[in-house]
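Asks: Below are the structure tokens for one structure; questions will follow.
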Amino acid sequence: MTIRSPEPEVKIVVERDPIKTSFEKWAQPGHFSRTLAKGPNTTTWIWNLHADAHDFDSHTNDLEDISRKVFSAHFGQLAIILIWLSGMYFHGARFSNYEAWLSDPTHIKPSAQVVWPIVGQEILNGDVGGGFQGIQITSGFFQLWRASGITNELQLYCTAIGALIFAGLMLFAGWFHYHKAAPKLARFQDVESMLNHHLAGLLGLGSLGWAGHQVHVSLPINQLLDAGVDPKEIPLPHEFILNRDLLAQLYPSFAKGLTPFFTSNWSEYADFLTFRGGLNPVTGGLWLTDTAHHHLAIGVLFLVAGHMYRTNWGIGHSIKEILEAHKGPFTGEGHKGLYEILTTSWHAQLALNLAMLGSLTIIVAHHMYSMPPYPYLATDYGTQLSLFTHHMWIGGFLVVGAAAHAAIFMVRDYDPTTQYNNLLDRVLRHRDAIISHLNWVCIFLGFHSFGLYIHNDTMSALGRPQDMFSDTAIQLQPIFAQWIQNTHAFAPSLTAPNATASTSLTWGGGDLIAVGGKVALLPIPLGTADFLVHHIHAFTIHVTVLILLKGVLFARSSRLIPDKANLGFRFPCDGPGRGGTCQVSAWDHVFLGLFWMYNSISIVIFHFSWKMQSDVWGSISDQGVVSHITGGNFAQSATTINGWLRDFLWAQASQVIQSYGSSLSAYGLLFLGAHFVWAFSLMFLFSGRGYWQELIESIVWAHNKLKVAPAIQPRALSIVQGRAVGVAHYLLGGIATTWAFFLARIISVG
């Protein structure tokens, strides 16, 4: 009989000193590729260098090494975020009027940048109130700082320094986990352990820690600020933490300590953990006692979730078992095989995460205005508009990224031999039905939604307003949306008897809340104009999905090009001699999808901007009369294309066009410059590569004549490179134009 040594109890999950630290590679551009490492012969080299520098798949086939590189890069990413955040806090500490704003947030505007007087640029320092001259900011940091209980600039300095120290730790961790103690592949594939730690640690303890900070620091400080106490008189955070009597003066249940908790008498704590709903009438933000309660509850939920998965003790869920048990009567093998995909293809994993995070970011955009989480956020219209726009764009990019990485997974990581009759295989087998149906939906939505507008424009031009679709003629009321609004407005009386208001004032039923004579929020009426533009949203979103999904489902093969998987993720055409096979690569679908994403988000932020100015934002007189910024013109004007052009784009562009010579002049220059960037993109998108190559050769001839020819031969951009440069400038130009248009407008009138 053979005697084996006992199995080691502890698995070895890291490798020590796998790769020595060396700066030599920094001096070799393209060290990761044999071809690129030789250096440039033509100008194509620099483009290929940019395209492949972060494409770890192309550097090596070793999944363990790729995983380590990605893991290490995550720490670098966190370091960059912390450095950026530190800069924001430092600006708040060094260059801002935060303390002045804190003492009078309704009259003083936030500013954290003062322009130096160089060649007249100090014109950008507008008067933001309280005798401070600077650029008005719309990031929402001031409101966030107030909500977290920051009362002076020293605290901002300390936080900024702390963030820099943490950034240094992250950079160290990135180096350490690649060069000193690199995790083995098994570590990255241990999904149950990862779920437990991320759920319980990051989300559970993170939320619990934030709830603790809110209860012990934010709530008392904000309670005193709301009562009008001077920020300089308010005790410092550590005093509240160390001296329970201070807290007990504001929240009497603190005097009882933990007794109510251990005697299950939790309702005693209802003075600082509330469930009120609606907004605080002093600040126009959510009740901070509601948000503290929320974070406590979320923390508990995630702590439970972090104990659900099976690791060393043989109890709990196994993700593989859950997936393989997931079969229905009509779904074949169900989710069998997906576990192997998600533990060996980081592109597949990333695609799912981007799709969910993108959707979540868009949900955040909609909640930031309908349930404004920070004090005085709702009445800072510039910040409201900026936060909505920012989160919509970010969400759009993340969703397109999801499709991009799903397609890369299909091309590089999908193994058809291991995926038989599971849901992924079944979707791929009936992809023609999916795409042709989706195409039909797009055509239907496009013709009908656009047709309603065309009808209205025609009737308007013919002087027949009674034949238009509008709230005053032929009504197309969004009855389902109105029903949802109504249900939510009156639900709390049945579902949450102690709540004083519904989750959001936008649902209806409640009164409006005004802060300092400005509307914070009120019930948002929906009518025919919203019904029309909603169907344009449906149309643009479905077309975006059509393009992206077709790119994923046909990434490996199609009737036109059965061997597409061999050509890779990006290729210009299927070789010479096969006409009509250009723009079919998975990369090209992402490229085209980006334009439709841009269409979709543009119409959403235009809808939001005009709707809020027309029906929500405005001032309120002593008699209680509300004057909206554009006087409620959305319902009538937004029913025609001409109305959108005349009463939204043209009417509201006057501020940015006339901004020269004022503190908003930077937006005028940006508006002009970003239009040029956008137009520049068309030069790449509508160009033929041969045209430029001919031009280049003529210019090279002239250089040769003068004996100043370069050693590196100039080359026209490849087709794919040209498209990449084109779409980048198209999006940059379009987004910066919109940014300048929105901010010049809302800072002037808001």
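Positions of Cβ are set from backbone N, Cα and C atoms, glycine also.
According to Swiss-Prot, the [4Fe-4S] cluster binding site annotation covers Cys573, Cys582, on the basis of sequence analysis. Feature annotation from Swiss-Prot assigns chlorophyll a' binding site to His675; the stated evidence is sequence analysis. According to Swiss-Prot, the feature phylloquinone binding site maps to Trp692. Among the features that Swiss-Prot reports, transmembrane segment is placed at 70-93, 156-179, 195-219, 291-309, 346-369, 385-411, 433-455, 531-549, 589-610, 664-686, 724-744, with the record citing sequence analysis.
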Asks: When the Cα-Cα distance from His675 (chlorophyll a' binding site) is computed for each of the binding-site residues Cys573, Cys582, Trp692, which gives the smallest value?
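Replies: Out of the listed candidates, the nearest Cα belongs to Trp692.
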Asks: Out of 70-93, 195-219, 291-309, 385-411, 724-744, what stretch is closest in contact terms to the transmembrane segment (589-610), meaning most Cβ pairs under 8 angstroms?
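Replies: If we count Cβ pairs closer than 8 Å to the transmembrane segment (589-610), 385-411 scores highest.
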Asks: Suppose I define contact as three or more CB-CB distances under 8 A, residues 6 or more apart in sequence; do the transmembrane segment (531-549) and the transmembrane segment (70-93) meet it?
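Replies: They are not in contact.
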Asks: Here the binding-site residues are Cys573, Cys582; which one has the lowest number of other Cβ atoms no more than 10 Å from its Cβ?
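Replies: Lowest Cβ count within 10 Å among the binding-site residues (Cys573, Cys582) is Cys582.
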Asks: Do at least three CB pairs under 8 A connect the transmembrane segment (433-455) and the transmembrane segment (724-744), leaving out pairs fewer than 6 apart in sequence?
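Replies: When sequence-distant Cβ pairs are counted, the transmembrane segment (433-455) does not touch the transmembrane segment (724-744), since fewer than 3 lie under 8 Å.
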Asks: Just to confirm: which same-chain residues, 6+ apart in sequence, have a Cβ under 8 Å from the Cβ of the residue listed as 'phylloquinone binding site'?
Replies: Ala716, Leu717
Asks: Using a Cβ cut-off under 8 Å, which residues of the same chain at least 6 positions beyond either end of the transmembrane segment (664-686) come close to it?
Replies: 123-124, 126, 135, 655-658, 717, 722-723, 725-730, 732-737, 739-741, 743-744, 747-748
Asks: I'm a bit unsure how to read this: which one of 70-93, 195-219, 346-369, 433-455 has the highest number of Cβ pairs shorter than 8 Å with the transmembrane segment (385-411)?
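Replies: Ranking 70-93, 195-219, 346-369, 433-455 by Cβ pairs under 8 Å to the transmembrane segment (385-411) puts 346-369 first.
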Asks: Counting across all protein chains present, how many other Cβ atoms fall within 10 Å of the Cβ of His675 (chlorophyll a' binding site)?
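Replies: Neighbour count, Cβ to Cβ under the 10 Å cut-off: 15.
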